[in-house]
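K.L.:
Per TrEMBL, the features are:
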TRANSMEM  B:50-72  transmembrane segment
TRANSMEM  B:93-115  transmembrane segment
TRANSMEM  B:121-145  transmembrane segment
TRANSMEM  B:157-180  transmembrane segment
TRANSMEM  B:329-349  transmembrane segment
TRANSMEM  B:355-374  transmembrane segment
Amino acid sequence: MHNIEFALEGALQVLLVGLVLGAGMPAVFALGIRAMAYGAGGDAEVQQAPPHPVGRLLAGLCFAVVVAGVALGITVVVAGGFGKEVVFDPVLPTLVDEG
Amino acid sequence: MDAATLILVLVIVTALAFDFTNGFHDTGNAMATSIATGALRPKVAVALSAVLNLVGAFLSVEVALTVTNAVVNLQNSDGAPRAELLAGGGENLLLIVLAGLVGGIVWNLFTWLYGLPSSSSHALLGGLVGSTLAGLGVSGVNWTGDGTKLDGVVGKILLPALISPAIAIAVAAVGTWLVFRITSGVADRYRQRGFRWGQIGSASLVSLAHGTNDAQKTMGVMTLALIAAGQWTDLEAIPLWVKVSAAAAIALGTYLGGWRIIRTLGKGLIEISPAQGMAAESSSAAVILSSSHLGFALSTTHVATGSILGSGVGRPGAQVRWSVAGRMVAAWAITLPSAGLVGALMYVVGNALGGALGGIVVFLVLAGLAGWMYHRSRQAPINAHNVNEEWDGGARPQRSRKNVH
């Protein structure tokens, strides 16, 4: 049964990408929220801590990472429609013609 | 108008009707969690999802002509209909496609009536498998492919259906656990407000991906029918009006909102919080996008349902209604044979009557069944007003108080 091998191979790849992006992105977003609360202090924190301005900077960084991730997702969708694909060469995403 | 042309018209209308059911059947995959947590008002959520589905459908300019090849042998590998099926103006091929579409629609409507999210793609392919079995016999169906890639009923339907919910549950559970872990020191109200935004963003991505994936399938089937009837010859392109009408049909269906299914997904499985909603939709978006990118096509519905379950599993102390999940899995298991059975019966009826009469009768049977199921749904309506009522154990809540007064 070749199909089972192909399916398990595909499933493993999807699981890995899914964990990195599908669980990683929400975690980064959560870090952003955590940092925002750290920055805001007071009612935003369970401990009613004083505000720490550096929290806002960290939050901005986290949200920028998430926005970049979403932009990558949209690029994958749109590129697929125009016969292009996104490859990671070796880390930075690049658009190439679909092979 | 000769018989083949008449059946072609019926196929086009039925394909658009299928696309429409595909739209409302799957609104919940993207928007159920945002509606349940109040991140978006119900009407706003379905409107946003509809627009993104429309945009997505137009973005999918890739030719999806060979969509049926995954499970049946109606077409050559270049997308042209097999020559031996084209006798008599392609009548037999058109009847197979018509009967298959009817199988898909009937199963979509039936599962919608009971508020069960089941895969629209599996319903369509199941219907086609059934009608092809009836029309061409066992050899007409592509059961396992040729062993060079993931293919056939086994490779494109059965295995992905088994694997995809498991992947989605794992990803969403890990994401949810991390999110709650990371934000444990953040005040609850502050956390909720932040995650509502994340939820809307991730749900939008799922809607966009759905438009690109699913509208394509209907476009492919419509174009196949046009080629079979000799009305279109280009194997590299899809007629513009096909693209426009299919995109419009899926967007309209999405806007209508399959409230019964949205309710089950948003309220039935778990009591969902914005943080869980965001983790679930992010998991769905990542799994759907990466799988279609890797050529391992998964059903949006199976992934979305798995993600919502996973977001319940990953939250410490959350309760998952496994009985509701069990009913869904049961529906998934019988999607292929049920849609196939309807598709096969429709082909047998249409073929026995023959020609234009056969096509018309099949179409009327579809209209009758659709009307009956719509009528049944009106006896316990679920709509934008009562979609978020407390879960009372069934797919059919009591009439909303807001409606009574």
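Cβ coordinates come from backbone N, Cα and C, glycine included.
Model, not experiment: these values are computed from the prediction.
How about a rundown of where these features are and what they're close to?
P.N.:
Residues 23, 30, 78-79, 125, 128-129, 132, 140-142, 151-153, 156-157, 204, 207-213, 215-217, 219-221, 223-224, 235-238, 243, 246-248, 250-252, 254-255 of the same chain sit 6 or more residues outside the transmembrane segment (B:50-72) yet have a Cβ under 8 Å from a Cβ within it.
With a threshold of 8 Å between CB atoms, the same-chain residues lying at least 6 positions outside the transmembrane segment (B:157-180) that come near it are 70-71, 119, 122, 125-126, 150, 195, 275-276, 278-280, 282-284, 286-287, 291, 296-299, 302-311, 313-316, 329, 332, 336.
Same-chain residues lying 6 or more positions outside the transmembrane segment (B:329-349) and placing a CB less than 8 Å from one of its CB atoms are 95-96, 98-100, 102-104, 106-107, 110-111, 114, 116, 118-119, 122-131, 133-135, 153, 157-158, 161, 165, 302, 358, 361-362, 365-366.
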K.L.:
Could you pull out which residues elsewhere in the chain have a CB under 8 Å from any CB of the transmembrane segment (B:355-374), counting only those six or more residues past its ends?
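P.N.:
Beyond its ends, the transmembrane segment (B:355-374) has Cβ neighbours at 2-3, 6-7, 10, 13-14, 17, 91, 94-95, 98-99, 102, 105-106, 109-110, 112-113, 346, 349.
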